[in-house]
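What TrEMBL says about this protein:
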type	residues	note
TRANSMEM	21-40	transmembrane segment
TRANSMEM	46-64	transmembrane segment
TRANSMEM	71-89	transmembrane segment
TRANSMEM	95-119	transmembrane segment
TRANSMEM	126-145	transmembrane segment
TRANSMEM	224-244	transmembrane segment
TRANSMEM	256-280	transmembrane segment
TRANSMEM	301-318	transmembrane segment
Amino acid sequence: MATKVSAKNDQSVAGLKVWQWPSIHAALLVVLAASVAYWAGPDAMSELTLMGLYIVTVVGLNLFMGYAGQVSLGQAGFFGLGAYAFGIWTTRTIWPVWGGVVLGMLVAAAVAWILSLFILRLKTHYLALATLAFGMMADVAFQALPLTGGNSGLTNIGSFTWMGHAFSNADYFGLSWIGVGIAAWLASRVVHSGGRVLLETVRSSEIAATLLGIDPIRVKREMFIVSAIMAAFAGAVYASWIGYIDPTVFTFTLSVNFVLMAVVGGMRSVYGAAVGVVLVEGLGQGLKTLGQAISPTLGGALELAVYGVILVIVMMYWPDGVVSAWKDRRRRRVRDAHRPSASSAS
């Protein structure tokens, strides 16, 4: 019976209409970002590059938190692992720069696998505390280890090249949004296939999943590793783009921002990641500007305070995020439009 259900869901992508294909949605995201960057200029391009890297990270987080139903407060640690692995590779070896991206993803995958052996049997806030502890340990390691440059960080990190051409800001923008397209496509393939059945079963009840022959730990481990790999890719590209990293970037605050982006956009929506990043990052830039205008030391504190208020409001009124709320409202409008009126019924 489980095989029949899986086979049925594996065909769901093929059964979608053309405009519902994951590849079409991913391509539209990239084209939309490129159009905005072209018309808005260099400053907007830099901001959109950062947003693209954040979206890749949050897409992975959505798979683990939204679809697998787990909690993670350590995503900045994996983002930092990718960045530092890339930085160490390019500053201490003469091997091709692109190998640093692969190294970062492999390191993050290995760390996630090791962590999964110990923490994925924990539930709810215990798992949240365990991932928080990982993020804090990663932050301490980035500050303390000579290999990572300590508090001074790493400088002169290698830039990507292609056929002898060093990447420009426009190239990094393109790379980050190609990453968005690939991450969104991969996540959509999982969501619109038999993988969704496994994830929803594990999220609903691990006991029921076990009785159905599903290994909940394995499902959670796979999503945890995928989430870590996506964050590490984004971190490696970030390190190459900026050319300098230090421990102040990969703090608990960044992990909180990633969670907030996922919650605001919608944790059970692949494209909710894009909406959440745009809303939270756009608001964050505005709050920093406002806070610095009021007082040079107020920017960060004001940002965190407003983020806390937003999180409470979203969890109270839109617990499934903005995207899901919009979809529900659209369904109600369509249903009401097709509902016969009282006069026609009589």
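Glycine residues also receive a Cβ, built from the backbone N, Cα and C atoms like all the rest.
Because the structure is a prediction, the values reported are computed rather than measured.
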Top Cβ-contact partner of the transmembrane segment (71-89) among 46-64, 95-119, 224-244, 256-280, 301-318 (pairs under 8 Å): 224-244
The transmembrane segment (126-145) touching the transmembrane segment (95-119) per 3+ Cβ pairs under 8 Å rule: yes
Cβ pairs under 8 Å between the transmembrane segment (224-244) and the transmembrane segment (46-64), at least three: yes
